[in-house]
(Lines of atoms letter the chains of each structure in order from A and count residues from 1; the text may use other names and numbers.)
(Lines give C-alpha, C1' and ligand atoms only; values in the text may rest on other atoms or scores of the structure.)
Protein backbone atom coordinates (compact mmCIF):
# COMPACT_ATOMS: atom_id res chain seq x y z
CA UNK A 1 0.00 0.00 0.00
CA UNK A 2 1.28 3.45 -0.91
CA UNK A 3 2.58 5.79 1.77
CA UNK A 4 0.35 8.87 1.64
CA UNK A 5 2.01 12.23 2.25
CA UNK A 6 -0.05 15.30 3.15
CA UNK A 7 1.47 18.60 2.02
CA UNK A 8 0.16 21.75 3.67
CA UNK A 9 1.15 25.31 4.47
CA UNK A 10 -0.20 28.83 4.38
CA UNK A 11 -0.69 31.19 1.45
CA UNK A 12 2.61 31.86 -0.29
CA UNK A 13 4.52 29.17 1.60
CA UNK A 14 5.39 27.27 -1.57
CA UNK A 15 3.30 24.10 -1.29
CA UNK A 16 3.02 23.83 -5.06
CA UNK A 17 6.80 24.03 -5.45
CA UNK A 18 7.24 21.07 -3.10
CA UNK A 19 4.46 19.19 -4.91
CA UNK A 20 6.19 19.75 -8.25
CA UNK A 21 9.47 18.47 -6.84
CA UNK A 22 7.74 15.31 -5.62
CA UNK A 23 6.16 14.79 -9.03
CA UNK A 24 9.55 15.21 -10.71
CA UNK A 25 10.78 12.47 -8.37
CA UNK A 26 8.00 10.19 -9.58
CA UNK A 27 5.60 10.74 -6.67
CA UNK A 28 2.14 11.74 -7.98
CA UNK A 29 0.38 14.48 -6.03
CA UNK A 30 -3.38 15.02 -5.71
CA UNK A 31 -3.99 18.79 -5.74
CA UNK A 32 -7.12 19.01 -3.61
CA UNK A 33 -8.05 22.56 -4.61
CA UNK A 34 -8.10 21.69 -8.32
CA UNK A 35 -9.84 18.36 -7.76
CA UNK A 36 -12.47 19.92 -5.46
CA UNK A 37 -13.41 22.36 -8.23
CA UNK A 38 -13.62 19.50 -10.72
CA UNK A 39 -15.86 17.28 -8.64
CA UNK A 40 -18.07 20.20 -7.62
CA UNK A 41 -19.03 20.34 -11.30
CA UNK A 42 -19.31 16.60 -11.87
CA UNK A 43 -20.37 14.94 -8.60
CA UNK A 44 -24.12 14.33 -8.42
CA UNK A 45 -24.18 14.26 -4.61
CA UNK A 46 -22.49 17.67 -4.39
CA UNK A 47 -24.75 19.17 -7.04
CA UNK A 48 -27.89 17.89 -5.33
CA UNK A 49 -26.86 19.01 -1.84
CA UNK A 50 -25.64 22.43 -2.96
CA UNK A 51 -28.95 22.99 -4.73
CA UNK A 52 -30.74 22.07 -1.51
CA UNK A 53 -28.57 24.47 0.50
CA UNK A 54 -28.27 27.46 -1.81
CA UNK A 55 -31.07 27.01 -4.33
CA UNK A 56 -31.40 25.75 -7.90
CA UNK A 57 -29.64 28.84 -9.27
CA UNK A 58 -26.34 27.65 -7.79
CA UNK A 59 -25.94 25.80 -11.10
CA UNK A 60 -26.78 27.72 -14.27
CA UNK A 61 -26.74 25.85 -17.58
CA UNK A 62 -24.86 23.07 -15.83
CA UNK A 63 -22.12 25.39 -14.58
CA UNK A 64 -21.45 26.35 -10.97
CA UNK A 65 -22.67 29.86 -10.18
CA UNK A 66 -19.55 30.90 -8.28
CA UNK A 67 -20.69 34.44 -7.34
CA UNK A 68 -23.89 33.06 -5.81
CA UNK A 69 -22.04 30.32 -3.93
CA UNK A 70 -19.45 32.83 -2.68
CA UNK A 71 -22.21 35.16 -1.52
CA UNK A 72 -23.81 32.30 0.40
CA UNK A 73 -20.52 31.16 1.97
CA UNK A 74 -19.44 34.62 3.09
CA UNK A 75 -22.90 35.42 4.40
CA UNK A 76 -22.33 33.38 7.55
CA UNK A 77 -19.67 31.14 9.12
CA UNK A 78 -22.39 28.49 9.44
CA UNK A 79 -22.99 28.65 5.70
CA UNK A 80 -19.31 27.98 5.04
CA UNK A 81 -19.39 24.98 7.38
CA UNK A 82 -22.43 23.57 5.59
CA UNK A 83 -20.83 23.91 2.15
CA UNK A 84 -17.61 22.33 3.40
CA UNK A 85 -19.63 19.47 4.91
CA UNK A 86 -20.99 18.79 1.42
CA UNK A 87 -17.73 19.06 -0.53
CA UNK A 88 -14.99 17.75 1.77
CA UNK A 89 -16.34 14.18 2.21
CA UNK A 90 -16.58 13.83 -1.56
CA UNK A 91 -13.00 15.06 -1.96
CA UNK A 92 -11.90 12.38 0.51
CA UNK A 93 -13.72 9.70 -1.47
CA UNK A 94 -12.22 10.99 -4.72
CA UNK A 95 -8.73 10.93 -3.20
CA UNK A 96 -9.19 7.32 -2.10
CA UNK A 97 -10.26 6.32 -5.62
CA UNK A 98 -7.33 8.26 -7.06
CA UNK A 99 -4.87 6.43 -4.78
CA UNK A 100 -6.37 3.05 -5.74
CA UNK A 101 -6.01 3.96 -9.38
CA UNK A 102 -2.26 4.45 -8.93
CA UNK A 103 -1.78 0.71 -8.34
CA UNK A 104 1.36 -0.55 -6.61
CA UNK A 105 3.10 2.80 -6.31
CA UNK A 106 5.32 3.41 -3.26
CA UNK A 107 4.22 6.95 -2.38
CA UNK A 108 1.58 9.51 -3.27
CA UNK A 109 0.94 13.03 -2.06
CA UNK A 110 -2.07 15.18 -1.27
CA UNK A 111 -1.59 18.95 -1.39
CA UNK A 112 -4.09 21.04 0.56
CA UNK A 113 -3.92 24.43 2.26
CA UNK A 114 -6.71 23.19 4.55
CA UNK A 115 -5.42 19.65 5.08
CA UNK A 116 -5.94 19.93 8.84
CA UNK A 117 -9.08 22.07 8.87
CA UNK A 118 -10.89 19.85 6.36
CA UNK A 119 -10.08 16.60 8.14
CA UNK A 120 -7.89 15.41 5.25
CA UNK A 121 -5.18 14.55 7.77
CA UNK A 122 -7.03 11.30 8.42
CA UNK A 123 -6.50 10.35 4.77
CA UNK A 124 -2.69 10.55 4.89
CA UNK A 125 0.07 8.79 6.80
CA UNK A 126 2.43 11.73 7.27
CA UNK A 127 2.02 15.50 7.23
CA UNK A 128 4.61 17.83 5.71
CA UNK A 129 4.29 21.52 6.49
CA UNK A 130 5.91 23.94 4.06
CA UNK A 131 7.02 26.99 6.04
CA UNK A 132 8.09 30.46 4.95
CA UNK A 133 8.41 33.66 7.02
CA UNK A 134 5.37 35.93 6.93
CA UNK A 135 6.97 38.71 4.88
CA UNK A 136 8.21 36.24 2.28
CA UNK A 137 4.72 34.74 2.00
CA UNK A 138 3.07 38.14 1.66
CA UNK A 139 5.45 39.27 -1.09
CA UNK A 140 5.03 36.01 -3.01
CA UNK A 141 1.24 36.18 -2.79
CA UNK A 142 1.14 39.82 -3.89
CA UNK A 143 3.23 39.00 -6.97
CA UNK A 144 1.34 35.81 -7.77
CA UNK A 145 -2.21 37.08 -7.26
CA UNK A 146 -1.68 40.73 -8.26
CA UNK A 147 -3.37 41.56 -4.98
CA UNK A 148 -2.91 44.16 -2.26
CA UNK A 149 -1.04 43.60 0.97
CA UNK A 150 -4.24 44.26 2.92
CA UNK A 151 -6.20 41.55 1.12
CA UNK A 152 -3.37 39.03 1.42
CA UNK A 153 -3.07 39.70 5.16
CA UNK A 154 -6.81 39.16 5.59
CA UNK A 155 -6.53 35.81 3.84
CA UNK A 156 -3.55 34.81 5.98
CA UNK A 157 -5.33 35.82 9.19
CA UNK A 158 -8.33 33.69 8.19
CA UNK A 159 -6.13 30.58 7.92
CA UNK A 160 -4.89 28.27 10.66
CA UNK A 161 -1.68 29.66 12.16
CA UNK A 162 1.75 28.32 11.27
CA UNK A 163 2.26 27.36 14.92
CA UNK A 164 -0.77 25.08 14.92
CA UNK A 165 0.19 23.56 11.56
CA UNK A 166 3.72 22.94 12.83
CA UNK A 167 2.36 21.10 15.87
CA UNK A 168 0.50 18.69 13.58
CA UNK A 169 3.37 18.18 11.13
CA UNK A 170 5.69 15.19 11.04
CA UNK A 171 8.19 17.12 8.95
CA UNK A 172 8.72 20.85 8.27
CA UNK A 173 10.25 22.06 5.03
CA UNK A 174 11.63 25.61 5.12
CA UNK A 175 11.05 27.50 1.88
CA UNK A 176 12.44 30.95 2.68
CA UNK A 177 14.39 31.57 -0.57
CA UNK A 178 17.63 31.05 1.36
CA UNK A 179 17.55 27.48 2.70
CA UNK A 180 18.11 24.95 -0.12
CA UNK A 181 14.78 23.25 -0.79
CA UNK A 182 15.71 20.13 -2.75
CA UNK A 183 17.97 18.60 -0.03
CA UNK A 184 15.12 18.93 2.48
CA UNK A 185 12.69 17.14 0.18
CA UNK A 186 15.23 14.42 -0.57
CA UNK A 187 15.91 13.95 3.15
CA UNK A 188 12.22 13.59 3.92
CA UNK A 189 11.65 11.08 1.12
CA UNK A 190 14.74 9.14 2.17
CA UNK A 191 13.44 8.91 5.74
CA UNK A 192 10.12 7.58 4.52
CA UNK A 193 11.66 5.18 2.02
CA UNK A 194 14.23 3.61 4.32
CA UNK A 195 13.37 4.38 7.91
CA UNK A 196 9.77 5.52 8.10
CA UNK A 197 9.53 4.23 11.67
CA UNK A 198 11.60 7.26 12.71
CA UNK A 199 8.59 9.48 12.04
CA UNK A 200 5.31 9.38 13.92
CA UNK A 201 2.35 8.62 11.71
CA UNK A 202 -0.09 11.51 11.41
CA UNK A 203 -2.92 9.17 12.36
CA UNK A 204 -1.44 8.37 15.76
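Backbone N, Cα and C define each Cβ position, glycine as well.
The annotation domain 'DPCK' is assigned in Swiss-Prot to 4-203.
With a 10 A radius on its CB, residue 13 (ATP binding site) counts 27 other CB atoms from all the protein chains. Under the DSSP three-state reduction, residue 13 (ATP binding site) is assigned to coil, being neither helix nor strand. Per Swiss-Prot, the feature ATP binding site maps to 12, 13, 14, 15, 16, 17.
Neighbours of the ATP site: apart from 12, 13, 14, 15, 16, 17, residues of the same chain with C-beta atoms within 8 angstroms of the site's C-beta centroid are 9, 18, 130, 132, 140, 175.
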